[in-house]
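Notes to accompany the following structure.
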Amino acid sequence: MKTLFKNIKELLQIRDPEVKKVAGRQMKELPAIKNAWLLIEEDKIIDFGKMENLPEIDFKNSIDASGKIILPTWCDSHTHIVYAGNREQEFADRINGLSYEEIANRGGGILNSAKTLQETPEDEVYQQSAARLEEVMKLGTGAVEIKSGYGLTEEGELKMLRVIKKLQQDYDIPIKATFLGAHAIPKEYKSDPQKYMDLVINEILPKVANQNLAEYIDIFCEKGYFSVDDTHQLLSAAKKYGMKPKIHVNQFNAIGGIKAGVAHEALSVDHLEVMTSEDIEALKNTATMPVALPSCSLFLSIPYTPARKILEAELPIALATDFNPGSTPSGNMNLVLSLACIKMKMTPEEAINAVTINGAYAMELSDKVGSITKGKKANLIMTKEIPSYTFLPYAFGSNNIETVFINGKAIE
Ligand SMILES: N=CN[C@@H](CCC(=O)O)C(=O)O
Ligand SMILES: [Zn+2]
């Protein structure tokens, strides 16, 4: 069945199939057609153009998009959507003066979520996670990456990854799975962290790979968590199973994680709130996507990723939510878009590129989603009647999305 969208005020992010990502100055451009039509068939985009060139065919299914903007759905390349329970008490503790680090040192933080995850039955973890996924899809997300990392035992990590697998089977959007067993060092390994690395590398990783539960490998390379040496060990081991790195680096300290990620041809390096000139240099002439997570900066009151510095170096940037119970209890990509403009001084064009085509690249999904391109999935956002696309990041906190289409179908 074909569906025609007509009288579209503006059709945004139109790209040739060979464009997989955009970098530096290219990010200032957001190719668009004003007063456009778009034709989809079943789950695919098949054609588009200017209204004045609309073929004279009577399409039975047509949607009048007068005054509305159509663009590809958001591509959220960094989330921890699968978790159990919440950590609102830590939020209150931080308001009362404790730091994220102090909370973690008291056994809160990631270890707190790991305890809850381990105690929660798998089907209950699935129900909670599915509800979050449905929430973000209604907010415009049409492709997502999800990490493990709150299990921290073989049983817990495999449980999380099975939940991700079930989400992949039950939901119609592309979902990529990442193994983050090296997210925090469990209490019982504090005096011998290498023993935990050995467990992750020699016991859990082979099972994850053999059961085909994750495509990517992740590690929290940070003071107090995992070292650059741990990062090299894990990424080398994962390479043998064909798992590409997408790693947490430079959130609080620059300790050389970016260089390590690049050495292992990481698909992305994520967080980047603290960036040295050496880190920027390390990313030049590589295929690694820098990913910024501005909702995390907002929630933890930590610096924002220096987007202008990264863009001035002609590097690309993708933006993602980091949806998780501790540092970012929000999966709202519309907020990410606004924060990128307001706090990181990205232009609306740069930010929209970062949440669409570059997000798709950071999940190796540029062939399927992230732009209006013939043959790509009809995963689309149709806005309410709004004055311009700049209104989307400008009117932060308002929902300006009228309908989200996944595989050509409106979701309720
Ligand atoms: N920084 C590491 N991991 C998560 C937060 C984990 C948590 O606090 O639960 C992040 O990406 O922000
Ligand atoms: Zn994260």
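Note: Cβ is positioned from N, Cα and C throughout, glycine not excepted.
Since the structure is predicted, the reported quantities are computational estimates derived from the model, not experimental observations.
What TrEMBL records for the Fe(3+) site is His78, His80, His248, and among Asp16, Asp192, Asp322 the residue it adds there is Asp322.
Listed by TrEMBL as binding N-formimidoyl-L-glutamate are Asn324, Gly326; the candidate from Tyr126, Tyr150 that the record includes in that site is Tyr150. Listed binding-site residues near His80 (Fe(3+) binding site): Tyr150 (candidates Arg87, Tyr150, His183, Gln251; Cα-Cα distance within 10 Å). Under 6 Å, Cβ to nearest atom of ligand 2: this is the test, and of the binding-site residues Tyr150, His183, Gln251, Ser327 it is passed by none. Only Arg87, of the binding-site residues Arg87, His183, Gln251, have a C-alpha within 10 angstroms of the C-alpha of Gly326 (N-formimidoyl-L-glutamate binding site).
The record gives His78, His80, His248, Asp322 for Fe(3+). Within 8 Å of the mean position of their Cβ atoms, the other Cβ atoms in that chain belong to Thr79, Lys147, Asp270, His271, Leu293, Cys296, Ala320, Phe323, Asn324, Thr328.
Annotation note: Asn324 (N-formimidoyl-L-glutamate binding site) sits in a strand segment as assigned by DSSP. Less than 8 angstroms from the CB of Asn324 (N-formimidoyl-L-glutamate binding site) sit Thr79, His80, Tyr83, Ser113, each of them six or more residues away in the same chain. Listed in sequence order, Tyr100, Cys296, Phe299, Leu300 are the same-chain residues six or more apart from Ser327 (4-imidazolone-5-propanoate binding site) with CB atoms under 8 A from its CB.
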